[in-house]
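**Q** Okay, these came from TrEMBL:
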type: ACT_SITE; residues: 120; note: active site, proton donor/acceptor
type: ACT_SITE; residues: 136; note: active site, nucleophile
type: DOMAIN; residues: 36-160; note: domain 'L,D-TPase catalytic'
type: SIGNAL; residues: 1-28; note: signal peptide
């Protein structure tokens with residue numbers, strides 16, 4: 001019995017240690033300079049994309065119906081999918097009825113492998129700018145197609161709820177803001 005207790009304790013500590021390392025890696029990735037950065041601000045329901053210190057796009061988005069649906073935190077893009085199927089509704093990718101739109105940028109929210117939370121398109125353009133999703137960040141299809149072409153797997157993505165400007169947020173996150181390229 002003591003051996004089982006020791007084994008379970010070691011496993012629990014290992015899980016805690018590894019989860020802390022993952023969170024630290026995501027946060028550290030958002031605190032570097034001269035790279036890409038995505039900031040989603042739920043206060044304004046806007047997304048900003050930075051490349052090498054320059055702001056390249058600011059677009060409206062839709063986020064979670066309730067505060068907890070779109071978790072605040074430091075994440076990264078862990079996969080990119082064109083025309084992802086909507087498995088729940090059995091709707092194939094590329095179908096105009098697909099609520100996920102034409103592009104999917106999977107996020108590692110709460111340790112997920114990018115198949116639960118994402119920045120993606122949609123089939124209801126009037127939902128953009130509102131608090132309506134189950135947790136993902138919805139964009140106009142034209143905007144997600146542009147963003148999809150710019151970002152790489154590993155791009156840091158920060159989700160926040162703040163009255164601050166995007167410039168103020170970059171300073172707060174330690175990202176070197178150099179100017180505008182829009």
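Cβ coordinates are placed from backbone N, Cα and C, and glycine is handled just like the others.
Just so you know, TrEMBL annotations never went through curation; they're auto-generated.
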**Q** Could you state the whole-number distance in Å separating the C-alpha atoms of residue 136 (active site, nucleophile) and residue 120 (active site, proton donor/acceptor)?
**A** 7
**Q** Where does the mean pLDDT land for the domain 'L,D-TPase catalytic' (36-160)?
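**A** A mean pLDDT of 97 is what the model gives the domain 'L,D-TPase catalytic' (36-160).
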**Q** Over all shown protein chains, what is the count of other CB atoms within 10 A of the CB belonging to residue 120 (active site, proton donor/acceptor)?
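**A** Step by step: centre on the Cβ of residue 120 (active site, proton donor/acceptor), count other Cβ atoms within 10 Å, giving 24.
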**Q** Tally every other Cβ atom lying within 10 Å of the Cβ atom of the residue listed as 'active site, nucleophile'.
**A** 25
